[in-house]
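Report on the following structure.
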Amino acid sequence: MLLWSLLVIFDAVTEQADSLTLVAPSSVFEGDSIVLKCQGEQNWKIQKMAYHKDNKELSVFKKFSDFLIQSAVLSDSGNYFCSTKGQLFLWDKTSNIVKIKVQELFQRPVLTASSFQPIEGGPVSLKCETRLSPQRLDVQLQFCFFRENQVLGSGWSSSPELQISAVWSEDTGSYWCKAETVTHRIRKQSLQSQIHVQRIPISNVSLEIRAPGGQVTEGQKLILLCSVAGGTGNVTFSWYREATGTSMGKKTQRSLSAELEIPAVKESDAGKYYCRADNGHVPIQSKVVNIPVRIPVSRPVLTLRSPGAQAAVGDLLELHCEALRGSPPILYQFYHEDVTLGNSSAPSGGGASFNLSLTAEHSGNYSCEANNGLGAQCSEAVPVSISGPDGYRRDLMTAGVLWGLFGVLGFTGVALLLYALFHKISGESSATNEPRGASRPNPQEFTYSSPTPDMEELQPVYVNVGSVDVDVVYSQVWSMQQPESSANIRTLLENKDSQVIYSSVKKS
């Protein structure tokens, strides 16, 4: 009887065990939620309930409860079942086993690069490659790239590619990428890849001069441009003056060229220059460049030179213009009251002259202008007053001399006439009173009578008009004689008592 009772109880327990069921999805994808539901009779009390995976207890409850896996991963794949324990040991129950397989939503990403040994300064393209499951092509992914735990670019992006415009030697290191769903449930990381950036030595260093107008001018800005034809990375540029050998300046930048500026060039800055460039390899030097500094002309000085103490009509006036500073060639312009007279150049610097034959209209202000292409400078005005014509003064002096001679000759003629009359009267008186036997007078004594046709005409024996350098401008010497007859002309010419008239006019 007892045995029969035990068989009845065992049959009842077995019947209840068959009623404990585990409900779970058999196939899920990464990131999906998994709900395990253990179902059984609720008319009897349980001491505990548990969920198991591969014979390992996952979770224990005091009543029937669901077991939730929020986001499935591949490791969640396995055999699941649930169990209950009643108040009596005969009430222990175990559910059916459900095999769950978690499928991969997308493959583990792989980092690829356009080059894993790029040239410094060149671009690099990174790509995070993966593939979605054909059953879940509608899932959206986002990507992020890293170098040595540093996020590259703008961070997470829907694009699986990253373009780096230029990489440098310091960009050498380990790179990887991550891919995740936009819901952030599944995130996968690629393996790390090593990228080594190659540096290229610099080559062909050159020094170039840049100045306003293409020429270096005192007081203006000068730029010394040092450049390299090739090379990568940070380049250190330095500038030198050959005469001193000391560095004028230094710049380090990631560029193929750099500038050194001289704000205001001085005349002493003229000379030879060169530059050097270095990017960590052997420094390279440029060729030496000679830099001439052109000097603008200073304010010129105008000097006037004339033959006499005062300029006069007919004089040759020399206008000399000179700028004490200024690079040649210098062009000089000469002006009379803002009217251009002419120009003259000084190819080697210094001053220049311009000659002007003066007329009465040349009185006024004179000035000059100097220009060597770097700006014109004008001198101060110099006033000039022109006196009367020199030829006119000479004519007046000549006329005065002639009038003076005529006056002297007239006075002399009157005196000679009175002298002749006086001697004639005296002779007649002597002849009347002279005895008949008286002897004739001495042949050397003169008896003046009226002039006869044979009387020798007055002739000048010396005439001279002095040159400009002699004070005497006109002189005459006259010899006046009244011989009794042509026979004694020689005797009279040899007579020391002959009357001689000298006259001369000197320049006042």
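Quick reminder: no glycine exception, Cβ is built from N, Cα and C everywhere.
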From the list CYS38, CYS177, CYS226, Swiss-Prot names as the disulphide partner of CYS128 the residue CYS177
Based on what Swiss-Prot records, which one of CYS321, CYS378 is disulphide-bonded to CYS368? CYS321
Among ranges 46-51, 64-69, 460-465, whichever one Swiss-Prot labels motif 'ITIM motif 2': 460-465
Quick one: which of 146-151, 194-199, 350-355, 446-451 does Swiss-Prot have down as motif 'ITIM motif 1'? 446-451
Quick one: which of CYS226, CYS378 does Swiss-Prot link to CYS275 by a disulfide? CYS226
Give the number of CB atoms, excluding that of ASN343 (N-linked glycosylation site) itself, located within 10 Å of its CB. 15
May I ask which residues of the same chain, at least 6 positions away in sequence, place their Cβ under 8 angstroms from the Cβ of ASN204 (N-linked glycosylation site)? VAL228, ALA229, GLY230, ILE284
Counting only other Cβ atoms and using a 10 Å cut-off, which of the glycosylation sites ASN234, ASN365 scores lowest? ASN365
Give me the DSSP three-state residue breakdown of the domain 'Ig-like C2-type 3' (201-290), ordered helix, strand, coil. 6 helix, 50 strand, 34 coil
Cβ density check for ASN355 (N-linked glycosylation site), other Cβ within 10 Å (all protein chains) comes to 14
Per-residue pLDDT averaged over the motif 'ITIM motif 3' (472-477) comes to what? 42
